[in-house]
Amino acid sequence: MTTTTWAGAHTPIQDGPGGYTGVEATPEWAEEIRRLARERNATLLAHNYQLPAIQDVADHVGDSLALSRIAAEAEEDTIVFCGVHFMAETAKILSPAKTVLIPDERAGCSLADSITADQLREWKADHPDAVVVSYVNTTAEVKGLTDICCTSSNAVDVVASIDRDREVLFLPDQFLGAHVKRVTGRQNMHIWAGECHVHAGINGDELAAKSKAHPDAELFVHPECGCATSALYLAGEGFVADDKVKILSTGGMLDAARATGAKQVLVATEVGMLHQLRKAAPGVDFQAVNDRASCPYMKMITPAALLRCLQEGKDEVHVDPAVAERARQSVQRMIAIGNPGGGE
Ligand code: 13P
Ligand code: SF4
């Protein structure tokens with residue numbers, strides 16, 4: 001248990017296995033969060049998978065690429081990253097002179113954990129001339145061994161920017177890798193067999209059953225999903241019209257939501273996404289393909305954790321300066337490639 005209290009909180013903040021609890025997201029809480037953020041000259045960034053209350057109190061909500069770009073240009077002294085650890089670490093790599101805070105440093109990522117720096121060193125030794133493309137969901141050390149980082153919204157553009165004769169090592173997500181390989185038609189691309197346990201759990205059978213039950217619905221599918229291939233199969237076999245299947249990053253889903261003419265959309269990604277989609281297109285019925293697809297790490301950023309973070313200046317994110325130096329170029333290349341206005 002921490003000692004933090006606030007006049008609006010009726011119980012002290014508790015620490016437990018799922019993170020900090022004991023504070024409700026009331027309008028008074030939101031006002032206090034905004035006041036503390038101003039006091040610290042902090043900007044609050046929230047990923048699309050955050051709890052709705054955290055998204056609503058943030059200055060910016062977006063996908064990984066949009067938030068990295070905002071973090072790189074932020075004028076405030078402090079960046080509070082409501083997301084998972086690799087995202088806050090990326091902000092620190094881009095802005096080493098700023099204070100970067102994450103409301104709970106235990107918010108990790110199963111995908112980032114699926115490759116270590118030593119494993120990447122070994123893989124590179126087997127392919128010494130290959131260009132290494134790492135998804136941003138990796139540790140700072142892995143980024144330091146990478147030529148270009150990418151996110152789901154610019155992975156295709158990043159790989160397409162590489163000389164077609166060069167071999168590519170793509171890591172760590174096998175489903176995003178398969179999507180990029182399919183779209184670019186590139187044969188000399190080796191893909192690491194990692195996965196995100198939340199997206200991998202959204203499977204093809206569920207998608208097929210849902211789309212059969214809602215034949216007029218569009219499908220928005222995140223490329224990290226185990227069902228991305230099934231979605232294209234459904235389209236290929238004529239079960240769903242080709243133009244109804246869209247493989248998109250979380251920011252891409254928002255752009256597509258604003259543009260859609262469909263009455264109903266089935267969404268295959270982490271359930272936090274539904275909040276921004278419903279705000280972006282209130283007339284559309286958005287349904288989760290798997291409503292249990294909730295990322296336990298993203299959900300560790302609770303109202304209590306954010307309050308503690310702003311009150312105590314915790315948890316501060318540090319990246320070894322030598323590691324950050326090696327990683328910076330690969331991250332800067334990432335933010336330079338792809339649609340500069342998208343994702344928010
Ligand atoms: P994007 O916001 O880049 O689509 O990332 C999805 C994700 O899984 C982040 O953890
Ligand atoms: Fe990592 Fe998956 Fe959670 Fe995104 S949804 S943070 S990829 S575990």
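First residue shown is number 1, and so on along the chain.
Cβ coordinates come from backbone N, Cα and C, glycine included.
All annotation found in TrEMBL is predicted automatically rather than curated by experts.
Note that the structure is a prediction, hence the values are computed from the model and not measured.
What TrEMBL says about this protein:
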- 1-24: region 'Disordered' (REGION)
- His47, Ser64, Tyr135, Val136, Asn137, Ser152, His222, Pro223, Glu224, Thr250: iminosuccinate binding site (BINDING)
- Cys109, Cys196, Cys295: [4Fe-4S] cluster binding site (BINDING)
**OP:** Take the Cβ of His222 (iminosuccinate binding site) and count every other Cβ within 10 Å, whichever protein chain it belongs to.
**Re:** 27
Original post:
Using the Cβ centroid of Cys109, Cys196, Cys295 as the reference point for the [4Fe-4S] cluster site, which residues of the same chain not in that list have Cβ within 8 Å?
Top reply: Val84, Ser110, Leu111, Ala112, Asn137, His197, Val198, His199, Glu270, Tyr297, Met298
Subject >> Same chain, 6+ residues apart, C-beta under 8 Å of the C-beta of Glu224 (iminosuccinate binding site), given in sequence order >> reply: Leu111, Ser152, Asp173, Phe175, Leu176, Glu195, Cys196, His199, Ala200, Thr269
Original post:
Taking the Cβ of Tyr135 (iminosuccinate binding site) as reference, which residues of that chain separated by at least 6 in sequence fall under 8 Å from it?
Top reply: Leu111, Cys149, Cys150, Thr151, Ser152, Ala155, Leu171, Pro172, Asp173, Leu176
Subject >> All-chain count of other Cβ atoms within 10 Å of His47 (iminosuccinate binding site) >> reply: 26
Original post:
Asn137, Cys196, His222: which of these binding-site residues put a Cβ within less than 6 Å of any ligand 2 atom?
Top reply: Asn137, Cys196
Original post:
Roughly how many angstrom lie between the C-alpha atoms of His47 (iminosuccinate binding site) and Cys295 ([4Fe-4S] cluster binding site)?
Top reply: 12
